[in-house]
């Protein structure tokens, strides 16, 4: 009997490992298609269309083309049943109060990520390095219509499909808690930026919970709000003010919203504990994910890539 149970557990372990491998592999291939595609298009535009480096830096065309190629890949690997899974409506109906609360929690993630960014800067300063350039990259605003379309709409749309569609829903077939943590980890990882990755992981947790509970449409709405309203729209709305005043106003908005989000999280502790209790996860499940060989290789590769963009302090 014990031998039978051990064999059954081993089979379950192998099934989980295979599903994790396939999901990580799918997101990795998408990431490579996006990165290589964007780079190839940039080089082509520079060589054959006469685009300058500064124009390419501001243009969203390479990224729009790259996510189109990535979308074709998702179409190739997805069946009709997969699409039904990706676009599943969720178990609960979204209410306006809940949506606003989730928005404020997203803003709380910005406060936490900002503090982490400062700690990272202090840490890297010990080695004569700085993450300020990465911070600038993470917080820069759209300088062209094509970049605006990519950053505010089509980028979030594709990221939701890949991370809250493909990754989250496939992982949810193993465990709901794993689905949120694992999809958020991959979402943060593929930002390949010491400053941006922790923030992407934090908002990935919120977006993952939202998609799983209310459906991918609502996680997309939150994502677009974060990129568009808290990003480009606020930036363009404050352009008439001096840089110092605009920075103070935007900082105050994010601070007040973030503090509201932290208060909501504090008061939601009983509901969070209840959710965690209802969606318990064997310790071995998370261990299988984080000790996955492919994930370890990808994580190390991303750390190397992020390290290459560090500047002298």
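Backbone N, Cα and C atoms are what each Cβ position is placed from, and that goes for glycine too.
Just so you know, TrEMBL annotations are computer predictions that nobody has curated.
Per TrEMBL, the features are:
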type	residues	note
TRANSMEM	20-41	transmembrane segment
TRANSMEM	61-78	transmembrane segment
TRANSMEM	99-127	transmembrane segment
DOMAIN	143-229	domain 'CAAX prenyl protease 2/Lysostaphin resistance protein A-like'
TRANSMEM	147-167	transmembrane segment
TRANSMEM	199-225	transmembrane segment
TRANSMEM	245-267	transmembrane segment
TRANSMEM	288-310	transmembrane segment
What stretch in 99-127, 147-167, 199-225, 288-310 has the biggest tally of Cβ pairs under 8 Å against the transmembrane segment (20-41)?
288-310
Which of 61-78, 147-167, 245-267 contacts the transmembrane segment (199-225) most, counting Cβ pairs under 8 Å:
147-167
The domain 'CAAX prenyl protease 2/Lysostaphin resistance protein A-like' (143-229) - residue tally per DSSP class, helix then strand then coil:
75 helix, 0 strand, 12 coil
Where does the mean pLDDT land for the domain 'CAAX prenyl protease 2/Lysostaphin resistance protein A-like' (143-229)?
94
